[in-house]
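The following features are taken from TrEMBL:
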type	residues	note
TRANSMEM	12-33	transmembrane segment
TRANSMEM	53-72	transmembrane segment
TRANSMEM	84-103	transmembrane segment
TRANSMEM	118-139	transmembrane segment
TRANSMEM	160-180	transmembrane segment
TRANSMEM	200-223	transmembrane segment
TRANSMEM	279-297	transmembrane segment
TRANSMEM	317-338	transmembrane segment
TRANSMEM	350-369	transmembrane segment
TRANSMEM	578-598	transmembrane segment
TRANSMEM	610-633	transmembrane segment
TRANSMEM	639-661	transmembrane segment
Amino acid sequence: SGMSKSRDCFGYPLSIFFIVVNEFCERFSYYGMRALLILYFTRFIGWDDNLSTAIYHTFVALCYLTPILGALIADSWLGKFKTIVSLSIVYTIGQAVTAVSSIHDLTDFDHDGTPDNLSVHIALSMTGLALIALGTGGIKPCVSAFGGDQFEEGQEKQRNRFFSIFYLAINAGSLLSTIITPMLRVQLCGIHSKQACYPLAFGVPAALMAVSLIVFVIGSGMYKKFQPQGNIMGKVVKCIGFAIKNRFRHRSKAFPKREHWLDWAREKYNERLISQIKMVTRVMFLYIPLPMFWALFDQQVLKAGLLELQPDQMQTVNAILIIIMVPIMDAVVYPLIAKCGFNFTSLKKMTVGMFLASMAFVVAAIVQVEIDKTLPVFPKQNEVQVKVLNIGNSSMTVSFPGSVVTLPQMTQTNEFMTFDVDKLTSINISSPGSPITPVTYNFEQGHRHTLLVWDPIYYRVVKDGLNQKPEKGENGIRFVNSFDESFNITVGENAFVNVTSHNASEYQFFSLGVKNFTLSSTQQIPQNCTKNFQSSNLEFGSAFTYVIRREDTGCPKMYEFEDISPNTINMALQIPQYFLLTCGEVVFSVTGLEFSYSQAPSNMKSVLQAGWLLTVAVGNIIVLIVAGAGQFSEQWAEYILFAALLLVVCIIFAIMARFYTYVNPAEIEARFDNEDEKKNLENMNKYATVAPISQTQM
């Protein structure tokens, strides 16, 4: 193996810094590009949400599966260094192609700001994404293993610290890119017409990938590079196949048992290869329960709805916590545990990581129960809910079975009133000095309705369409028009088009903050009137109705009514579960990387890193399959189920780990090398001792 004396820096090989910076740039590039995909698919290409999400998940799954390919290329053919360089080139090209695919001017021949030939853009972006999946997945196992290769025997401590720093770089890259990339997208650019700047937002990740590649190549002279030893995976597969066949042939009691099933390959393969394969299969066996862990772990991150954060903000919180926790674990927690005289081995750490994740779900369930106590009551299957909103100029009285409400102008009943479908027999509207008007309407079971009244004889029932809290902590907004003609309202990028007279629009959903409304009406609004209104400060999970009516002056005025109150649960309650979950991830993930490296034979380091990544991939695939399967009516019950499943996985893993014997691959391989050398020497001695005799006999 080509050894160049590695230069040191704080007791670490200098080459490590190039590898860490390379990983940081690569992750920034990947997450930056990924953060845009769904928006790009829906807004630029114009696919619907389902197709966009399906393509997105397929892409992510591909990125998780290609590591096997990269590892095979590295360990069997090109070596880690050349694999990283060549696949990074593929990757950079992929990023560039994707960026080009998002330039609307490419096919916008009539300069109207929308591409005229979408299939060109689709073909380019799919090609780009395929190249990216090959690149990002292919280099992933090689970069971490190549980093591990830079350390000498006896630098285990520094090597473990390297895997921590490596994990930090991954999360720092993803954190910065999820903050920066959306800022780039909202810029406007274009030759003939200005549009949201996807080329810039995709171009920055492409540039960073190029930087990542350049940084990596600059370090070239310092790296320790090991030559791949021929088609190692081919040998492994053949050897395992032969062992199984041979074992099957000698299945009768007549043949003595062998210690390990792989020892049945001895007739054909050397001890060294057999012992290396044993190392790999033992670790792989240990990995069997892990996809289950990742599947459950990912569920939690998907269900960030708890925290009322947007999913990408969630990723930010996760990354920030990891960046805080990794150094604390490394510099404070582990040394303290060691001081107490407890031997905290890799597998023990991983077991503890799983246990922490399980506890996070228990906490999540408790918090969820607290949240449920504060939620509004929605109608059950056989019930309907009604509230009355008086948008007229005089007081109205509405009588329901068992209750009568009187509403002054521009007020509503504070609560929704709940009725059994069968019991809601009659509703009457009356006002002093006018006849009683019965409300005839076929109420839909399980839904909320708003009864708009504006005159003793005029009313309208509107089905709300919201029979649960708005998703993802967003806020529902709808408008009620009490003009005599229709109007349009724009709220940021959203428009409520053609809201007809004395009617309500559908709800649209918005994130937190104060929203600005702009009104435009078919009839003239006097010049001196304001057409711009503001909402109150929206929080999480609320819904509001805004009534717009014409005042005596002829100017529009807005009234705000609350339909669903915002979530009252304190964000601080949610910190413990995220804290536990992140501690679990740090203890589990970082340790998994270093364990996979330290237990792998020298010629299969990338392959085992890929094996570790594969457990994540299979976990994600399980999520996709199960996601549609079943929903619990109670969210907390789902959390308890996950906690229980995680605990089961944790216990199974702990039991399997008890039977695992740690190996030092370098030592074992050195032993074989010594034996080989001895044999060679003996052979040479044989010839050396034979020769003189033959001379004397002459």
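Even glycines carry a Cβ here, placed using N, Cα and C.
With a cut-off of 8 Å between Cβ atoms, the residues of this chain six or more beyond the transmembrane segment (200-223) that come close are 4, 6-7, 13-15, 17-19, 21-22, 24-26, 28-30, 32-33, 36, 40, 81, 84-85, 88-89, 91-92, 95-96, 98-99, 102, 146, 149-150, 177, 180-182, 184-185, 187, 189. Taking residue pairs at least 6 apart in sequence, the transmembrane segment (578-598) and the transmembrane segment (350-369) share three or more C-beta contacts under 8 angstroms.
At the 8 Å Cβ threshold, with sequence separation of at least 6, the transmembrane segment (118-139) lacks contact with the transmembrane segment (279-297), having fewer than 3 such pairs. The transmembrane segment (317-338) and the transmembrane segment (578-598) are in contact, since at least 3 Cβ pairs between them lie under 8 Å (pairs 6 or more apart in sequence). Taking pairs at least six residues apart, the transmembrane segment (12-33) and the transmembrane segment (578-598) share fewer than three Cβ pairs below 8 Å and do not count as touching.
Here the transmembrane segment (578-598) has long-range neighbours at 144-145, 148, 156, 159-160, 163-164, 166-167, 283, 290, 293, 297, 300, 307, 317-318, 321-322, 325-326, 329, 346-347, 349-350, 352-357, 359-360, 363, 605, 608-609, 611-612, 665, meaning same-chain residues at least 6 beyond its ends whose C-beta is under 8 angstroms from one of its own. Panel annotation: around the transmembrane segment (639-661), residues 282, 285-286, 288-290, 292-293, 296, 299-300, 347-348, 350-351, 354-355, 357-359, 361-362, 364-365, 368, 632 of the same chain, lying at least six beyond its termini, place a Cβ under 8 Å from a Cβ of the stretch. Same-chain residues lying 6+ beyond the ends of the transmembrane segment (160-180) with a Cβ under 8 Å from its Cβ atoms: 12, 16, 19-21, 23-32, 35, 144, 147-148, 150-151, 204-205, 312, 315-316, 318-320, 322-323, 326-327, 329-330, 586, 589-590, 593-594, 597.
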